[in-house]
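> Questions regarding the structure given below will be posed in turn.
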Amino acid sequence: MSEDEKFQKQPVSSSRSSAIVRSIPDRDSCARQYGVAYSMDKTLIVFACLCGFAAAQFGNNFGSFGVASNAGNYNRGQQTQDRQFQEAPRPTGVCKELNERYPVPGSCDKYVECLNGTAEEKLCPDGLRFNPNVNFSVYPCQYPNEVACLERSALQPAQPTEQCEHQFGYFKLGDSSNCSYFRNCVNGVGYDFQCPDGLAWSSVSYRCDWPDEVEDCDAEAFLGFRCPEVPISKELGAPAGFRYYRAENNCQKYFLCIGTKPRVLFCGSNTAYDDLTNTCVSADEVAACPSELRAQAARIREEEKQLLAKELEFNAKTTNKRRNVQVMLAEIPEALSVRSPICQQKNGYYKVDASCDAYIECLNYQAIEMICPDGLHYDPESKWPGYPCGYPMDVPCVGRGASQPAQPTAECPHQYGYFPSPLAKENCGQYRMCVGGQALEMVCPTGLAFNPESGRCDWPDQVPSCKVEDFLRFSCPAPPVDADGAPLDIVLNYKYNDNCYYFFSCEKGRARLLSCEEGLAFDPASGQCIEAEYVNCGPSH
């Protein structure tokens, strides 16, 4: 008898209907969109919750665990109690392990689940496949691109709806010349999406891919571009395998031809494709760009040049001053020079007591009094010949309170430093960086506020001057309380506007904006980040 025949002859429960996706009369059975839940009648019936519906019902009630107790009798004022335990369950029949799953031979979506040693045949929701390689704690039904059925080819009949050909899955929309749209079906309800510009939906990989890699997509018709034929030159031989062409109606868009297959690429903000160098350059250098884009790119590039020039000027001044002194001292024979008692080493830095920005530099045992630029502090930990001045947030001035008088400008309170922006007094996330007395407006990452005390971007609740609720446009709901009315010390998460990848985390009434890791999206039902494919994120998110 073959292994498959033995498998099929083993005693297996036939209650397949309990594994098919169905709604629960009491929606509270599913506390969140995905996960597991227990039934309300206290029996050990576990539901895999998928989008608020229960799937994969597992059998057995509490009695099957075999825990019983006999009330004892009082003997000489002392109570005794005997407890009897049934023998621990053992795997029987097809079950080789107490808790395990096995594929049904020939079927791609049926499987046998052993729970507590009892076998029960299950059926994945329509459109999903059984994956025998996942851990028992993981829901075993997955999308076809994640499960290679191979010899297990049989499937249950499709359960189509008006929107979906299967209850679950991803399906292409449009023809071979319109390849970017697809539909995600969840419980027979369709949600439409579009791939990023220039990419096509692949029904094989369930991913957005280059159109020339998608079999049923006509890349030329989809992109509206055909790679020009390049004849073979007698002198140069065959043309290069990679060739670039600028788009006719968009100076920031260009095409890459791999042989005869086109792909579309895009330059970044304020840059455009230069067909002379085959690279993206500042848009003001490309005559084909609109005048508005060229003017904006020129303005931004000029601002960057000015800031860079200030930094270079500052570095050059300090470097040249040190170099001139070094040259001067080098011309004096060491034997003739008088060593300064301060200089314990030939070259080095030494702090000036009670001063935050003054220091002594020793060159060839000669001491020179120096001072950091306005707004910077001397770093006693710096090593010669490295630059010894740093920003106050990096170099706290502990025990050295004196500093040079400020040298303010119309834009900056000090020549160098980070300061609150006077242009955005109500926006805690905007601040000003001053370089050589000139200001450059900066913005913290989303959800963070500028902290003037530390000179860094920080959680808004850590910035006393920031009105957190106004800044985040969110206030934490009142937390649940215990029996004594005291707030529970728990963290609750809430959706952030219409964005799937950010969420508010509330702890003790304090709100912070967090983001999910790559590949995950926030699920409001569970209050957690889960795989993005299970969250309905529209194209605008």
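Note that Cβ sites are derived from N, Cα and C of the backbone, with glycine treated the same way.
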> Examine the ranges 1-20, 61-80 and name the one recorded by TrEMBL as region 'Disordered'.
1-20
> If you average pLDDT over the domain 'Chitin-binding type-2' (473-539), what do you get?
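That stretch averages a pLDDT of 86.
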> Counting Cβ pairs closer than 8 Å, which of 340-399, 409-468, 473-539 has the most of them with the domain 'Chitin-binding type-2' (161-219)?
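Per the Cβ count, the answer is 473-539.
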